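Novice: Take this structure, written in structure tokens, and hold onto it; I'll ask about it next.
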Amino acid sequence: MEPSSKKLTGRLMLAVGGAVLGSLQFGYNTGVINAPQKVIEEFYNQTWLHRYGESISPATLTTLWSLSVAIFSVGGMIGSFSVGLFVNRFGRRNSMLMMNLLAFISAVLMGFSKLGKSFEMLILGRFIIGVYCGLTTGFVPMYVGEVSPTALRGALGTLHQLGIVVGILIAQVFGLDSIMGNEELWPLLLSVIFIPALLQCVLLPFCPESPRFLLINRNEENRAKSVLKKLRGTADVTRDLQEMKEESRQMMREKKVTILELFRSAAYRQPILIAVVLQLSQQLSGINAVFYYSTSIFEKAGVQQPVYATIGSGIVNTAFTVVSLFVVERAGRRTLHLIGLAGMAGCAVLMTIALALLEQLPWMSYLSIVAIFGFVAFFEVGPGPIPWFIVAELFSQGPRPAAIAVAGFSNWTSNFIVGMCFQYVEQLCGPYVFIIFTVLLVLFFIFTYFKVPETKGRTFDEIASGFRQGGASQSDKTPEELFHPLGADSQV
């Protein structure tokens, strides 16, 4: 392997850093709605009282609040499904740049919702920033995967998740009552998203377009070669160009890959199934139930200062994402995902025990904090970062946009289901709500063990070739045999 293949150049750092500002936006808007729940609900009540002359009913308030949380995911579903419309027409970098218009519109709507006495403005703003984040969850892993050398693809791909968790942590800190999570400043808390949008608009014009897009989609070999030299910090980019040209030749032999074709073709059916299930394993693990409703969970657990415990979980979240960043290229994607799922299942059982015995044993509140922190830590070992970038690894340039759209749509749909339903399910099941997530985590562990290949150290074309070979005779092979060409020997 060439020394340049592991070189982290200034231009590569700029490209990845500029892109993951979008990831930070996603994380911020996921976490920002949690801490100021009570003051925003009071705004809803006052607005209702001003309009209709009576206080809002508890059932209506619960529905409006759940909608405010979950409409973000509806926007994300629409945005994620639209990824392919933009990246193939405008390119990866320009698509990220254009989408900041949505962030500015959303910031205005949410920032002026209190002044306009309109909770509809807030909900619409949440929907629009959801569309932005849905697009971002497709654009960023795709762009980062395509500009990164093979040896750094996993580590740099994890930066998308790091951007998300840093965004969540910033939202939790800004959401403190003493900072912006109060009656006067909550509109600013929701609209501060214009700052990273502005910063991304400044940085992205200096970032290169994806060399794979330039060569394979646009057939601009000279531009692709020039970009590669800057990204790799070397004049010899022969190996990268050869690999891209081989992928381009393979793409020309294939017909245009639509979303339906992903499910019809034997060569794509297995990787798209893996991509979708890995996305579901991220969202249906219960992690967003913890993020969206962590403050109220800590309150129920008897924690005196629940918002600080929530911030503690955000710090754990960030720290273990950094750990994953350094081990993903050594341990491999599959191994880390399995460890994460198993650890989360164990912590979910602990959480259930702690919440169930809280009234009899007050000290169980401490166990609930340990369980939540452990749950978050194991999430960031595998199920947090890996599903985002492994989708881009499982597909070659042709089917990649369609595959990322399908995987992203699956992610956001399950995100919406959890965001909309968790409060109701929690009211129904009480302390046993996390048993549901435990069962799902065990099922995802079994699927990952038998079906998910190791992609560490493999080029995009090598991975795609493994699936093409497997697709030709799937019925005659066990899962282990099917994925042997993809590097089962490199698993830890």
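Heads up, the Cβ atoms here are built off N, Cα and C, so glycines get one too.
From Swiss-Prot, here are the annotated features:
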{"type": "MOD_RES", "residues": "M1", "note": "N-acetylmethionine"}
{"type": "TRANSMEM", "residues": "12-33", "note": "transmembrane segment"}
{"type": "TOPO_DOM", "residues": "34-66", "note": "topological domain 'Extracellular'"}
{"type": "CARBOHYD", "residues": "N45", "note": "N-linked glycosylation site"}
{"type": "TRANSMEM", "residues": "67-87", "note": "transmembrane segment"}
{"type": "TRANSMEM", "residues": "91-112", "note": "transmembrane segment"}
{"type": "TOPO_DOM", "residues": "113-120", "note": "topological domain 'Extracellular'"}
{"type": "TRANSMEM", "residues": "121-144", "note": "transmembrane segment"}
{"type": "TRANSMEM", "residues": "156-176", "note": "transmembrane segment"}
{"type": "TOPO_DOM", "residues": "177-185", "note": "topological domain 'Extracellular'"}
{"type": "TRANSMEM", "residues": "186-206", "note": "transmembrane segment"}
{"type": "MOD_RES", "residues": "S226", "note": "phosphoserine"}
{"type": "TRANSMEM", "residues": "272-293", "note": "transmembrane segment"}
{"type": "TOPO_DOM", "residues": "294-306", "note": "topological domain 'Extracellular'"}
{"type": "TRANSMEM", "residues": "307-328", "note": "transmembrane segment"}
{"type": "TRANSMEM", "residues": "335-355", "note": "transmembrane segment"}
{"type": "TOPO_DOM", "residues": "356-365", "note": "topological domain 'Extracellular'"}
{"type": "TRANSMEM", "residues": "366-388", "note": "transmembrane segment"}
{"type": "TRANSMEM", "residues": "402-422", "note": "transmembrane segment"}
{"type": "TOPO_DOM", "residues": "423-429", "note": "topological domain 'Extracellular'"}
{"type": "TRANSMEM", "residues": "430-450", "note": "transmembrane segment"}
{"type": "MOD_RES", "residues": "S465", "note": "phosphoserine"}
{"type": "REGION", "residues": "468-492", "note": "region 'Disordered'"}
{"type": "MOD_RES", "residues": "T478", "note": "phosphothreonine"}
{"type": "MOD_RES", "residues": "S490", "note": "phosphoserine"}
Novice: Out of N45, S226, S465, which has the highest number of nearby Cβ atoms, where nearby means within 10 Å of its Cβ, if these are the recorded positions?
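Specialist: Counting Cβ neighbours within 10 Å, the top one is S465.
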Novice: Examine the transmembrane segment (67-87) against the transmembrane segment (335-355) and state whether at least 3 Cβ pairs sit under 8 A, considering only residue pairs 6 or more apart.
Specialist: no
Novice: For the topological domain 'Extracellular' (294-306), what is the mean per-residue pLDDT, to the nearest integer?
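Specialist: Value for the topological domain 'Extracellular' (294-306), mean pLDDT as a whole number: 71.
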Novice: What parts of the chain pack near the transmembrane segment (186-206), using Cβ distances under 8 Å and only residues at least 6 beyond its ends?
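Specialist: Long-range Cβ neighbours of the transmembrane segment (186-206): 14, 17-19, 21-22, 24-25, 28-29, 32, 36, 39-40, 43, 93, 96-97, 100, 103-104, 106-108, 110-115, 122, 125, 129, 174-175, 180.
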Novice: Summarise the topological domain 'Extracellular' (113-120) as counts of helix, strand and coil residues per DSSP.
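Specialist: So the topological domain 'Extracellular' (113-120) is made up of 2 helix, 0 strand, 6 coil.
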Novice: Can you work out which residues elsewhere in the same chain, 6+ from the ends of the transmembrane segment (335-355), have a Cβ less than 8 Å from its Cβ atoms?
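Specialist: Distant Cβ neighbours of the transmembrane segment (335-355) are 278, 281, 285-287, 300-301, 324, 327-328, 364-365, 367-368, 370-372, 374-375, 377-384, 386, 430-435, 437-438, 441-442, 444-445, 448-449, 452, 454, 491-492.
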Novice: By a Cβ-Cβ criterion of under 8 Å, what residues six or more beyond either terminus of the transmembrane segment (430-450) are in contact with it?
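Specialist: Contacts with the transmembrane segment (430-450): 277-278, 280-281, 284-286, 289, 334, 337-338, 341-342, 344-345, 348-349, 351-352, 355-356, 358, 383, 422, 479-480.
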Novice: Which residues of the same chain, at least 6 past either end of the topological domain 'Extracellular' (423-429), have a Cβ under 8 Å from a Cβ in it?
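Specialist: Same-chain contacts beyond the flanks: 62, 66, 289, 293, 435-436.
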Novice: When you scan the chain for residues with a C-beta under 8 Å from the topological domain 'Extracellular' (177-185), skipping those not six or more beyond its ends, what do you find?
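Specialist: Result: 35-36, 39, 42-43, 192, 307.
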